[in-house]
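*Asks:* There's a structure below that I have some questions on.
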Amino acid sequence: MEFQDHFSQEMVLHQQQQQQQQQQNAVLRSMLPESPHHDARKSPPTWLNTSLLRQQHSQFGNASSPSSAAAAAAVAGGNNFLHLQTSNSDSSNSNQWLSPTAAAGGGSNGGGSGHNDELSESMNFAKKMSQQHSGGGEENNNNNNNNNNNNNEEENSWEREKCKADILNHPLYDQLLSAHVSCLRIATPVDQLPRIDAQLAQSQNVVAKYSVLGQGQPPLDDKDLDQFMTHYVLLLSSFKEQLQQHVRVHAMEAVMACWELEQSLQSLTGVAPGEGTGATMSDDDDDQADSDTNFLDGGFDGPDSMGFGPLVPTESERSLMERVRQELKHELKQGYKEKIVDIREEILRKRRAGKLPGDTTSVLKAWWQSHSKWPYPTEEDKARLVQETGLQLKQINNWFINQRKRNWHSNPSTSSSQKSQTQECR
């Protein structure tokens with residue numbers, strides 16, 4: 001409404017002072033060559049712009065209200081008031097009564113006006129208010145979500161504790177604990193087994209704790225809990241067998257691979273695993289305290305600090321290797337027991353078959369002693385010995401051959417007679 005009142009008043013004044021304005025327009029045209037250069041795309045100032053400018057200065061005094069500036073801009077058709085002045089001082093003065101938006105924009109928009117600037121300011125203000133309102137709502141929603149999450153976490157924590165209490169009070173809990181401990185004991189080094197026993201000694205405290213939590217609370221569904229406990233015990237039992245298989249097979253393969261690496265390093269470097277750097281035992285005794293102190297202080301300056309030293313197994317690794325060997329030995333005995341027994345019997349049978357009875361060998365030895373100078377029985381002697389001993393001719397021949405080999409150098413008469421016989425044949 002204020003805009004319309006100013007606009008009508010200015011139009012009436014314009015009609016009354018038309019002649020005076022024509023004279024002023026002529027003066028302005030004469031001054032245009034001396035004014036600063038304007039953009040060619042902008043329209044030149046008109047008499048209406050000049051009239052409005054003069055009326056704003058004369059009627060509204062300081063001319064600082066945004067509504068008057070908006071009215072002048074609307075009538076001017078979007079032309080910038082800065083281009084209507086002839087000096088920089090006039091331009092700076094005109095900027096004093098322009099609206100903040102118009103002064104900032106410089107009126108350079110082709111179809112912009114003061115009224116549109118006021119509308120845009122109102123829209124920006126409303127937008128900011130709506131953003132602040134929506135931001136506060138988001139903060140409230142976040143707080144509510146955080147509270148809900150905290151409540152859900154507390155409920156879930158209580159449910160977990162309640163489930164643990166029901167499991168501890170179940171009849172199959174002892175079997176479940178035993179199966180779990182059995183899995184732990186399989187690959188645990190021997191020197192660390194007391195830690196498991198110490199934890200088992202404290203199990204009563206844990207049972208008492210959860211028993212207190214479970215008092216006054218309804219138990220879980222017996223069917224679901226029974227099914228869970230049964231399946232979990234079976235699962236741990238199956239897992240125990242898998243761990244045993246892993247220790248017997250895969251762990252032993254790892255131990256053998258490590259041993260092969262040690263042998264390869266020994267062949268390349270010539271230093272056996274476990275050998276020192278040439279220091280004597282007395283030097284080791286002197287440096288023992290210093291090495292212990294450095295280890296406790298966190299120093300890692302030793303030869304094995306970065307894993308580049310000799311591959312010396314630790315005590316836990318030795319115990320694990322010994323356990324693996326015992327397991328494999330027991331497994332081999334159980335799997336190949338029958339074959340081992342058969343092989344042993346076969347060896348003994350062959351030994352018995354190759355060894356002659358004592359009474360028969362005494363007869364052969366008697367003949368050997370009586371014919372020590374020439375221990376070569378004739379065919380008649382062999383046939384008689386076959387009858388006396390009951391042996392085969394092949395066995396008698398083999399016995400005399402072996403006997404001559406055993407006593408070849410112990411009987412000098414035999415060797416000398418053999419040599420003389422050989423010379424006579426030549």
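Quick reminder: no glycine exception, Cβ is built from N, Cα and C everywhere.
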*Asks:* Which one of 1-26, 313-338 shows up in Swiss-Prot as region 'Disordered'?
*Replies:* 1-26
*Asks:* Going by DSSP, how much of the DNA-binding region (348-411) is helix, how much is strand and how much is coil, in residues?
*Replies:* 45 helix, 0 strand, 19 coil
*Asks:* I'd like to know the mean pLDDT over the DNA-binding region (348-411).
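*Replies:* Mean pLDDT for the DNA-binding region (348-411): 82.
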